[in-house]
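Notes follow the structure.
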């Protein structure tokens with residue numbers, strides 16, 4: 001019985017390992033990055049709380065009858081605000097010992113005296129504790145799953161103006177008690193709406209599959225929920241390119257999964273070999289890695305080299321073809337492969353090179369068919385939202401048993417510091433107009 005149970009556990013563990021999809025791309029936001037995000041979050045919260053609407057208040061105490069209208073928040077002073085990670089949950093926005101200023105109009109009836117005026121009030125000892133649970137939704141987007149909120153105002157005071165302002169000063173305790181209760185009841189619903197509706201609506205506008213150019217697209221959907229520790233938030237993305245004309249054809253990810261160990265910068269981007277290989281594979285299946293050099297596209301020095309090299313062969317085939325146009329056809333015959341090591345990144349590519357002579361009005365005549373093996377050095381850089389790969393030819397080899405030219409022959413981690421060029425409120429408002437947030441970054445790269 002025990003052996004069957006062990007066998008079952010072994011098969012189950014193998015199935016789990018097989019079903020786990022490695023990430024092609026990872027992003028880490030560190031606690032240093034939260035320092036910048038805290039300011040944007042605080043500003044967004046202040047804007048949301050300033051839009052709180054309060055209902056009309058009516059009440060009486062003995063001969064006093066009062067009505068409170070037009071409650072407006074005039075100032076929020078969230079000076080003691082903090083944003084931090086909650087391990088295995090998400091983010092915590094904590095406000096302690098802050099203040100809120102507000103105004104409202106009063107109408108008071110005492111016996112036969114009727115009085116109206118404005119009241120300036122202030123709420124002191126404002127404490128707000130908000131926890132956001134972050135998950136991956138069904139389509140692979142980041143989503144706020146739920147919000148836990150607790151708000152408390154320790155005291156509230158009011159100052160009357162108008163004809164009987166001093167006389168009614170003692171009435172302030174009735175008004176502020178009710179106002180403090182209502183304000184306490186309004187803060188958390190306002191933040192719930194801001195997070196679960198406004199921010200989630202913004203996140204839903206972010207595509208998880210999009211076109212890169214006319215040939216390929218990219219899938220950067222989350223493959224699992226964010227991983228949150230006390231120091232960072234890690235997001236694991238599929239990071240896979242695909243051919244737009246064959247979107248169901250994809251490369252299997254056998255690459256080493258990228259690992260981020262650093263915490264010094266605000267944000268880190270880690271890319272595996274699969275990220276680059278899937279892009280090269282998609283361009284290959286799209287037929288991009290083909291080139292036909294003929295007529296005005298052929299440089300004069302290349303044409304001279306080819307005519308000199310193949311002059312004897314052309315004369316043996318047909319002397320009348322000496323002045324016929326020549327063409328050079330290059331086609332990559334297998335998907336290029338990326339290799340990332342501590343010394344740097346390289347791309348290996350193999351292509352077939354055919355030299356043809358083009359008799360007018362006749363089928364092309366092949367003069368030579370060669371295999372070309374090339375190796376490129378690759379450098380990855382990032383500026384703004386654009387990831388660039390710069391390559392230079394390290395070496396190449398051309399060989400063919402019949403060619404007259406025969407004798408002529410890991411992962412990447414990017415760390416960056418960021419600044420916002422658009423506030424969270426602008427992004428939420430702009431999401432309805434399909435505007436995108438932009439971020440500028442200066443990046444350094446390392447390989448492992």
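In case you wondered, yes, glycine gets a Cβ from its N, Cα and C as well.
Per TrEMBL, the feature signal peptide maps to 1-20.
Per TrEMBL, domain 'Lipid-binding serum glycoprotein N-terminal' is recorded for 28-246.
Per TrEMBL, the feature disulfide bond maps to 149-188. Non-local contacts of residue 149 (disulfide bond) by the CB criterion (under 8 A, 6+ apart in sequence, same chain) comprise 128, 129, 130, 131, 187, 188, 191, 192.
Note on the domain 'Lipid-binding serum glycoprotein C-terminal' (261-447): mean pLDDT across this stretch is 78. The feature domain 'Lipid-binding serum glycoprotein C-terminal' is assigned by TrEMBL to 261-447.
Its own atom aside, the Cβ of residue 188 (disulfide bond) has 17 Cβ atoms within 10 angstroms in the protein chains shown.
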